[in-house]
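For reference, the structure is listed below as structure tokens.
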Amino acid sequence: MDSQYFLAFSLSLLLIFSQISSFSFSVDPTRITQLSWTPRAFLYKGFLSDEECDHLIKLAKGKLEKSMVVADVDSGESEDSEVRTSSGMFLTKRQDDIVANVEAKLAAWTFLPEENGEALQILHYENGQKYDPHFDYFYDKKALELGGHRIATVLMYLSNVTKGGETVFPNWKGKTPQLKDDSWSKCAKQGYAVKPRKGDALLFFNLHLNGTTDPNSLHGSCPVIEGEKWSATRWIHVRSFGKKKLVCVDDHESCQEWADAGECEKNPMYMVGSETSLGFCRKSCKAC
């Protein structure tokens, strides 16, 4: 590995470990499968218990509204669209003990701080409902100010689906084709796909390791053919979500030391950032 990329990765880990929740959760590596490198995707079988799944669904019932999509990249305003036909709602962060534990488990598994995550979104798909392929990263200025790009997405399946409802990655690139029998929907055969199974969680990254957006992360929710689908989504940003970065600050106590060592020039993506994603040491690098 090139030394500058190794150092950037090490700096990232330092930042992450300094912010992760103290909640104790043992990640079971025997339940985790790496599905793909393009995009980087992982499946954690049995991440949520049946009780956790049922509780999240119960919190959402009676509060669901038609799902929306972003319509204006400048304002971030949303609109109704046939691209996305599910219904959903957002919980509040740490709404109760179970929600707080789920959020802490997500931080422990992903090694990404709790504060970087949006509130959990609960989604319900009935017969024929779907979400066409889309990206979870974005370029609207309002969203970027609230935490930068969504570095990762975690989809947690809260119910089993008789048929359909798979998560599909149309731009997936792999050496070995994924074999699919008649139990898979036609939509799922358009790329690499994951069947929704109650309790399982799918983690995939929307950005490359160097911080640039990954077009291979294009994904969609296939139409439900039989049954219904419940899921919970956790979008995780590159920095604390909801705090506008309008002041010139460093996001790590070692920024000045790294800047003095020349890291502003050696690792500009991490230290300074780009037009669409702010770096972590802009003040020390005199970028603002």
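Cβ from N, Cα, C; glycine included.
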Identity of the Fe cation-site residue among His219, His237, His252 (reference: His134, Asp136, source: Swiss-Prot): His219
Candidate in Cys264, Cys288 joined to Cys285 through a disulfide, as Swiss-Prot lists it: Cys264
Disulphide bridge to Cys281 as given by Swiss-Prot, partner from Cys248, Cys255: Cys255
Disulphide pairing with Cys248 per Swiss-Prot - partner from Cys222, Cys288: Cys288
Euclidean distance between Cα atoms of Lys229 (2-oxoglutarate binding site) and Asn160 (N-linked glycosylation site), Å: 7
Binding-site residues: His134, His219, Lys229 - member with fewest neighbouring CB atoms within 10 Å: His134
Same-chain residues at least 6 apart in sequence whose Cβ lies under 8 Å from Cys264 (disulfide bond): Trp258, Met271, Val272, Cys281, Ser284, Cys285, Lys286, Ala287
Cα distance (Å, whole number) from Lys229 (2-oxoglutarate binding site) to His219 (Fe cation binding site): 17
